[in-house]
Amino acid sequence: MAAPAGLAKAAAGKLSEAVGERTRRLGSALQETHRQRRLILVIVCVALFLDNMLYMVIVPIVPVYIAGMHKGSEEDLPDHHHRQLPPTDNASQPANATSAPTPPPKSSLKPTYPTGSEDIKIGVLFASKAILQLLVNPLSGPFIDRVGYDAPLLIGLGVMFASTVMFAFAEDYATLFAARSLQGLGSAFADTSGIAMIADKYPEEPERSRALGVALAFISFGSLVAPPFGGFLYQFAGKRYPFLVLAVVSLLDGFLLMLVAKPFSVKARENLPVGTPIHRLMLDPYIAVVAGALTTCNIPLAFLEPTIANWMKESMGASEWEMGLTWLPAFFPHVLGVYLTVKLAARYPHLQWFYGALGLVVIGASSCTVPACHNFGQLVVPLCGICFGIALVDTALLPTLAFLVDVRHVSVYGSVYAIADISYSVAYALGPIVASQIVHTLGFPQLNLGMGLANLLYAPVLLLLRNVCYMTPSRSEQDVLLDESPKGLYDTIRLEERLGKDKPRHGLPPEGEVSLGWEGEGTAQDRPRALSGEESSDYDYEYN
């Protein structure tokens with residue numbers, strides 16, 4: 001008996017050693033910079049995809065669901081609800097059967113669409129996410145700058161998971177409103193920290209523009225597939241299943257983030273540089289120009305989403321499938337716009353401002369032509385133009401924000417991308433509420449002409465960005481823009497850690513100085529940028 005027991009013990013020991021060795025290899029592979037940043041890109045893209053899926057998946061579900069709740073509360077036809085008053089139903093049906101038997105079957109054969117006050121409820125529900133996002137972003141940006149990008153991304157995914165579960169089990173309007181608002185809270189952390197993390201992990205061009213372009217493509221794809229995905233599962237499986245599927249994916253993405261980034265480790269938060277306060281970034285004229293462009297270019301999309309279906313039904317007699325597939329063809333020019341901008345930016349990086357201005361012109365011209373369309377085929381063309389222009393603006397200007405922070409402030413990106421998220425949220429908070437009022441008071445053509453004119457007039461403003469690519473980090477500029485001098489100790493520690501791993505482009509600087517021209521696959525926080533005040537007040541270093 002002793003020999004078999006010894007063999008079993010030896011086999012268990014070897015198995016344990018083998019599993020431990022494979023785990024160590026997997027852990028070391030995940031910590032390799034090149035592989036880790038690719039996994040981070042996948043995690044962030046899934047998070048952005050989920051956020052936009054949850055944003056749009058309620059489009060075919062909530063209007064019918066709210067109308068059903070309203071009908072169930074006012075009429076005694078609770079086919080799908082709790083049958084609490086059977087005597088009243090049984091007593092009332094014979095009287096109704098002789099007078100007007102047709103309305104109940106008619107309403108049950110067709111989808112129940114909201115009218116009157118229900119439109120206002122739906123508009124407020126759709127806007128609540130962006131409104132809360134707008135309120136939270138000024139706080140989430142500095143928080144991300146202080147603690148890093150990993151933990152806020154995990155917090156955002158956790159909040160999105162809770163919001164999705166609330167949607168699945170919501171039985172009244174108050175719960176739906178709370179879930180939608182909670183999603184805005186999660187988005188303020190997940191979206192901002194995710195985009196900022198991409199900018200940090202990909203500090204060099206054209207890799208940064210390419211990675212941000214991939215993220216934008218996932219945002220567009222999430223918005224595209226969400227309505228048919230939600231409508232299909234809602235019809236064939238029930239209201240809860242679209243949200244439960246998204247909740248599971250959110251949970252898996254959070255576990256993957258914990259495995260790859262280890263967001264709550266002490267090492268992940270030590271030696272973080274001090275970022276520029278968000279109010280200082282808002283006062284930067286170049287960042288303000290970019291933020292204005294992001295808001296302006298998204299207004300047509302945000303204002304058309306809640307209004308175009310009714311206009312199609314009234315003006316061209318559009319069918320249900322045409323209204324449901326309104327934005328489907330626009331996905332492909334959006335991806336094309338991302339691809340072209342990334343390619344052009346790699347060859348002609350000094351024309352980023354021009355790509356954004358061109359996108360605004362395309363959006364403006366397309367928006368003005370929407371009211372002239374008389375059928376679905378004609379309408380597809382300007383909608384594709386709007387999404388193509390948005391792709392040009394976003395793909396050109398999001399990397400520009402990171403570059404402006406690199407050369408004019410400190411390479412910490414939470415606050416600057418919180419400003420970008422605020423710009424988007426302004427458009428999407430106003431759209432569901434304001435657009436319908438404008439259509440009712442002025443008309444749908446006037447709405448589109450106004451949005452088109454706003455984009456056309458803003459395009460020349462981007463001329464102010466034409467010299468941004470020639471900027472270099474300036475010590476005097478940093479002294480003016482920062483509350484306190486950058487920490488030389490941080491730069492010294494990070495430089496010592498990276499000696500032997502990376503090689504500076506122009507050679508190591510003299511002792512006590514830190515060069516800004518630095519190559520390697522590290523993050524922007526790994527690349528020392530800020531200099532100590534006593535040692536380098538007279539130097540102006542070239543960026544890249």
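Glycine too: its Cβ is placed from the backbone N, Cα and C atoms.
All TrEMBL annotations are machine predictions without curation.
What TrEMBL records for this protein:
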COMPBIAS  91-100  compositional bias 'Low complexity'
COMPBIAS  535-544  compositional bias 'Acidic residues'
DOMAIN    40-477  domain 'Major facilitator superfamily (MFS) profile'
REGION    75-113  region 'Disordered'
REGION    500-544  region 'Disordered'
TRANSMEM  39-66  transmembrane segment
TRANSMEM  151-170  transmembrane segment
TRANSMEM  211-229  transmembrane segment
TRANSMEM  241-260  transmembrane segment
TRANSMEM  281-304  transmembrane segment
TRANSMEM  324-342  transmembrane segment
TRANSMEM  354-373  transmembrane segment
TRANSMEM  379-404  transmembrane segment
TRANSMEM  416-435  transmembrane segment
TRANSMEM  447-465  transmembrane segment
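The transmembrane segment (354-373) and the transmembrane segment (151-170) are not in contact, since fewer than 3 Cβ pairs between them lie under 8 Å (pairs 6 or more apart in sequence). Counting residues 6+ beyond its ends, the transmembrane segment (416-435) has Cβ neighbours under 8 Å at 122-124, 126-127, 129-131, 133-134, 137-138, 140-142, 144, 187-188, 191-192, 195-196, 199, 278, 281-282, 287, 290-292, 294-295, 298-299, 301-307, 398, 401-402, 404-405, 409, 447 in the same chain. Among the stretches 39-66, 281-304, 324-342, 379-404, the one making the largest number of Cβ pairs under 8 Å with the transmembrane segment (211-229) is 39-66. Remote same-chain partners of the transmembrane segment (241-260), defined as residues 6 or more beyond its termini with a Cβ less than 8 Å from a stretch Cβ, comprise 30, 36, 39-40, 43, 46-47, 50, 53-54, 57, 61, 150, 153-154, 157-158, 160-161, 164-165, 167-168, 229-230, 233-234.
Against the transmembrane segment (281-304), the recorded stretches 39-66, 151-170, 324-342, 379-404 differ in Cβ pairs under 8 Å, and the greatest number is found for 379-404.
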